[in-house]
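TrEMBL lists 25-51, 57-78, 90-110, 116-134, 155-175, 181-201, 237-263, 275-292, 304-326, 338-362, 374-393, 405-424 with the feature transmembrane segment. Under the heading domain 'Major facilitator superfamily (MFS) profile', TrEMBL lists 237-448.
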């Protein structure tokens, strides 16, 4: 008698995923690469200010860091679908390690010590190369795990992004105080470790799509990019999931950008106390990821997304206006900080409830042959959305006040949830079952 396959519940939890060798290696590599990336991002802010001596230099550096995500991400998705994803992930990590190491090496050249242009060039090149990693990773994960485990895998991926962001923010300045270039050597080692971990993973190659006739390479890239866009626009479920993800990231980056002004002008504490907002929101997101990883498949996805969208809007409205109300009552003034922390915790929970189910719907609804292109479009939009609050958040806060900016965003989110509720229910109710993802149960993975 042959053993029956394990039930779906046995192939969807954290224990199942951690028992999958190839996913475990990819996840560990993501941890190393994400931490290295965050080390670089926050260290560049410090170094750019020291070299340029102006906040304008910091802004230009951040622009060099984010611009490739908008301009190159779609082409990166095409590469992820046309080439060996394992090779792409290995080489992107190796190249990024070399580029980061060049930053402290350049400081040894007397002619470059006081210069700033080479820092911008290396930052742009680093970010451009890094655009190949994310779509390749997103397209590779469904090929090494079961379809039932996608929502748990996304919980782990999101948790990794949040944890590395929170760790990178304080650790990079601390290490920089010891030696200004120390974070770059640490990041170099982390990228080398990530490359080694991916090299050990067994990741199936994508199926190649043959096109009739010979085309110019850029024409072929444009054609395949249009194919990815066509897949996205052909499905209301994919479009809805895409919009939910963009909104979730917008909320997160707007709050990170507005947090210093909010704690000083609304909560009435020092700007160094931004942790009152950031830490509870991070804890909430991790709790959301852990809960969805174990119980997410039991809940109706449409109701979960709509409830999270409306709740996020209501929480933002509360963050914007209730502290001013509390200050009018002497007996309630001591609870202003507690309220801000509690509301931020709820916001983190709601962010996870928005992003994880939407990310899973996007993975389940795309075929392996075009998944890289779809996720490249996602990363392009996500980075474009996140660049808006980074560049304009301070201006909006100075003109309107952080409470009004947050309140306006909350009103828009709550209204969007209310007015799209009926449409979202119909979309998920009439959605066709997703095609089976190519995974271990569908194909034999060759040995490494």
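Yeah, the Cβs are placed from backbone N, Cα and C, and that goes for glycine too.
Just so you know, TrEMBL annotations are computer predictions that nobody has curated.
As the structure is a computational prediction, the values presented were derived from the model and not from experiment.
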The transmembrane segment (25-51) vs the transmembrane segment (116-134): 3 or more CB pairs under 8 Å: yes
Contact call for the transmembrane segment (90-110) against the transmembrane segment (181-201), three or more Cβ pairs under 8 Å: yes
The transmembrane segment (304-326) touching the transmembrane segment (155-175) per 3+ Cβ pairs under 8 Å rule: no
Residue numbers, six or more beyond the limits of the transmembrane segment (275-292), whose CB comes under 8 Å of its CB atoms: 151-152, 155-156, 158-159, 162-163, 165-166, 169, 255-256, 259, 262-263, 267, 269, 337, 340-342, 344-353, 356-357
Positions whose Cβ lies under 8 angstroms from the transmembrane segment (181-201), at least six residues beyond its ends: 21-22, 25-26, 28-30, 32-33, 35-37, 39-40, 42-43, 86, 89-91, 93-94, 96-98, 100-101, 103-104, 107, 144, 171-172, 175, 448
Across the domain 'Major facilitator superfamily (MFS) profile' (237-448), average pLDDT on the 0 to 100 scale: 74
Beyond the flanks of the transmembrane segment (338-362) by at least 6 residues, Cβ under 8 Å: 150-151, 154-155, 157-158, 237-238, 240-242, 244-245, 247-249, 251-252, 255, 262-263, 266-267, 276-289, 291-292, 296, 301, 304-305, 307-309, 311-312, 315-316, 318-319, 322-323, 326, 374-375, 378
